Amino acid sequence: MLSALARPAGAALRRSFSTSAQNNAKVAVLGASGGIGQPLSLLLKNSPLVSRLTLYDIAHTPGVAADLSHIETRATVKGYLGPEQLPDCLKGCDVVVIPAGVPRKPGMTRDDLFNTNATIVATLTAACAQHCPEAMICIISNPVNSTIPITAEVFKKHGVYNPNKIFGVTTLDIVRANAFVAELKDLDPARVNVPVIGGHAGKTIIPLISQCTPKVEFPQDQLTTLTGRIQEAGTEVVKAKAGAGSATLSMAYAGARFVFSLVDAMNGKEGVVECSFVKSQETDCPYFSTPLLLGKKGIEKNLGIGKVSPFEEKMIAEAIPELKASIKKGEEFVKNMK
C-alpha cells in the first residue's frame, strides 16, 4: 500500500524545476542566513512552485535576499531583519520552514542543542501562531523530537493549534537511507524508497528496510551496520567537517524536497507521501514519524507503521522510552515559560 503510493525519492525536487507546476506558494524561511537556511532558500527560489519567498534572520538577511533576487526565476525575494520585522515576513504565508538555531559541533548530540534552540523555536513559532496561524509549519531546528512538541504547545497557548499542519522534517533520514541502500545494492538512488519512522535522533531513527521499494535483502550483520550508519549519519558529517558545521547541504535538499511535496499536495496533487514527525496515535507515543498522505490541508491520512520485521519491531520498542522523554522535555519547556 505504502509502496504503491510513495513516489520515488527526489521526484518532487525534480518536478519542482519543471515549468508545468503551479506557481503560487508563499514560503517563509526563518533562519535564512544560516548554514541550512541559505542553500534551502536557493532551492526554494529555484522552484516554479514558489511565487514569494520571504527570508528572516537576526543577521545578514538583506544580503542573502539581494543575492537570491538576482536569480532569473519567478519567485520574488525579500529579506527581513530582527524581531520587529518578523510579523511582516510571516503575513500571508502558506508554508513556514524553520531551520533556525545553533548547529552541532563534534561531541555534541542533537539533545545538547536543546537549551538554545528550544527558546529560538518557541519565539519563532509564537510569531507564526500570531501572524500566519493557518500556514503549514515545517520544523528543521533540532532536537526535532522536542521542538515539535514545543511548537504544538505554543500553538495551543495561542488557541490556533491544528495537528495536521505542524511537521517535524525528518526527510534527511529517508534521503540518507535511500542513498546508502542504493550504494550497497548498486541501484539508482532516485528509484529507492525506504520509509524511516520513529523520531529524528540516534536510536529513535528507525529505517524500515523490510518495506524498501524495490525489495532488498541484507544479511543481519550488514543490516545492523546499515541501520547504525543511517542513525549516526549526522554525526558522520559533523566529524568529517571537523568543527566547521553539521549537515547543511543535504539537510537543505531534504527540507526543499519536503516543502515541494507539501506544496504539490496543497495544489491538489494526489498520492503525495512523505514521512514526518507529527502528532500521532500510531503508538503510545504522542508524536511519532510515519508515512503520511499529504493533502490540501496538510495531513490527509496517517498511513501508519505497516508490517515490520522482528528486528524493526525491537527497534521501535527500544525507541519509545527515549522519544517519550524528549517529547515531555519539550512540553515542559513551554509550560515553564514566563
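Residue positions begin at 1 at the first shown residue.
From the backbone N, Cα and C atoms, a Cβ is placed for every residue, glycine too.
Taken verbatim from Swiss-Prot:
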{"type": "ACT_SITE", "residues": "His200", "note": "active site, proton acceptor"}
{"type": "BINDING", "residues": "Gly31, Ala32, Ser33, Gly34, Gly35, Ile36, Gly37, Asp57, Asn117, Ile140, Ser141, Asn142, Met251", "note": "NAD(+) binding site"}
{"type": "BINDING", "residues": "Arg104, Arg110, Asn142, Arg176", "note": "substrate binding site"}
{"type": "CARBOHYD", "residues": "Ser33", "note": "O-linked glycosylation site"}
{"type": "MOD_RES", "residues": "Lys78", "note": "N6-succinyllysine"}
{"type": "MOD_RES", "residues": "Lys78", "note": "N6-acetyllysine"}
{"type": "MOD_RES", "residues": "Lys91", "note": "N6-acetyllysine"}
{"type": "MOD_RES", "residues": "Lys239", "note": "N6-acetyllysine"}
{"type": "MOD_RES", "residues": "Lys269", "note": "N6-succinyllysine"}
{"type": "MOD_RES", "residues": "Lys296", "note": "N6-acetyllysine"}
{"type": "MOD_RES", "residues": "Lys296", "note": "N6-succinyllysine"}
{"type": "MOD_RES", "residues": "Lys301", "note": "N6-succinyllysine"}
{"type": "MOD_RES", "residues": "Lys307", "note": "N6-malonyllysine"}
{"type": "MOD_RES", "residues": "Lys307", "note": "N6-succinyllysine"}
{"type": "MOD_RES", "residues": "Lys314", "note": "N6-succinyllysine"}
{"type": "MOD_RES", "residues": "Lys328", "note": "N6-succinyllysine"}
{"type": "TRANSIT", "residues": "1-24", "note": "transit peptide"}
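For Lys296 (N6-acetyllysine), the nearest neighbour among the listed recorded positions (Met251, Lys269, Lys307), judged by C-alpha distance, is Lys269. Between the C-alpha atoms of Lys328 (N6-succinyllysine) and Asn117 (NAD(+) binding site), the distance comes to 16 Å. Put simply, Arg110 (substrate binding site) is 34 Å from Lys269 (N6-succinyllysine) when counted between their Cα atoms.
Using Lys78 (N6-succinyllysine) as the reference Cα, a 10 A cut-off selects none from the binding-site residues Arg104, Arg110, Asn117, Asn142. Geometry remark: Arg110 (substrate binding site) versus His200 (active site, proton acceptor), CA distance 9 Å. Close to the recorded substrate site, the chain also has Pro143, His200, Ala201, Gly234, Thr235, Val238, Ser246, Ala247: residues not among Arg104, Arg110, Asn142, Arg176 whose Cβ is within 8 Å of the site's Cβ mean position.
Following the DSSP three-state reduction, the secondary structure of Met251 (NAD(+) binding site) is helix.
Among the recorded positions listed here, namely Gly31, Ser141, Arg176, His200, Gly31 has its C-alpha nearest to that of Lys91 (N6-acetyllysine). DSSP assigns Gly37 (NAD(+) binding site) to a helical segment in the three-state reduction. For the pair Asn142 (substrate binding site) and Lys239 (N6-acetyllysine), the Cα-Cα distance reads 17 Å. Among the recorded positions Arg104, Arg176, His200, Lys239, Lys301, Lys314, not one has a Cα within 10 Å of the Cα of Gly37 (NAD(+) binding site).
The recorded positions shown are Gly31, Asn117, Lys307; of these, the one with its CA atom nearest the CA of Arg104 (substrate binding site) is Asn117.
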